């Protein structure tokens, strides 16, 4: 059976996760800790997901370095 248009479940989950993190990155946060708290995940998990999705903490474009 072929995956549905737009990808299978895992592709859709990955896309949703990236969009959710990116949307929260666009909001003002003073630290990675506050971003992790807003998303309801541990900092380690957030760091892993930022790396996985090619995102960085600092600004909405994802162009700056991580801050703790």
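Using the three backbone atoms N, Cα and C, a Cβ is placed for every residue, glycine included.
Counting residues of the compositional bias 'Basic residues' (44-54) by DSSP class, helix then strand then coil, yields 10 helix, 0 strand, 1 coil. Taken from TrEMBL, the feature compositional bias 'Basic residues' covers 44-54.
According to TrEMBL, the feature compositional bias 'Polar residues' maps to 58-68.
Taking H, G and I as helix, E and B as strand and the rest as coil, DSSP gives the domain 'TyrR-like helix-turn-helix' (7-55) the counts 36 helix, 0 strand, 13 coil. If you look up TrEMBL, you'll see 7-55 marked as domain 'TyrR-like helix-turn-helix'.
The region 'Disordered' annotation in TrEMBL covers 40-68.
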Same-chain residues at least 6 beyond the ends of the compositional bias 'Basic residues' (44-54) with a Cβ under 8 Å from one of its Cβ atoms are 14, 17-18, 21-22, 32, 35-36, 62, 66
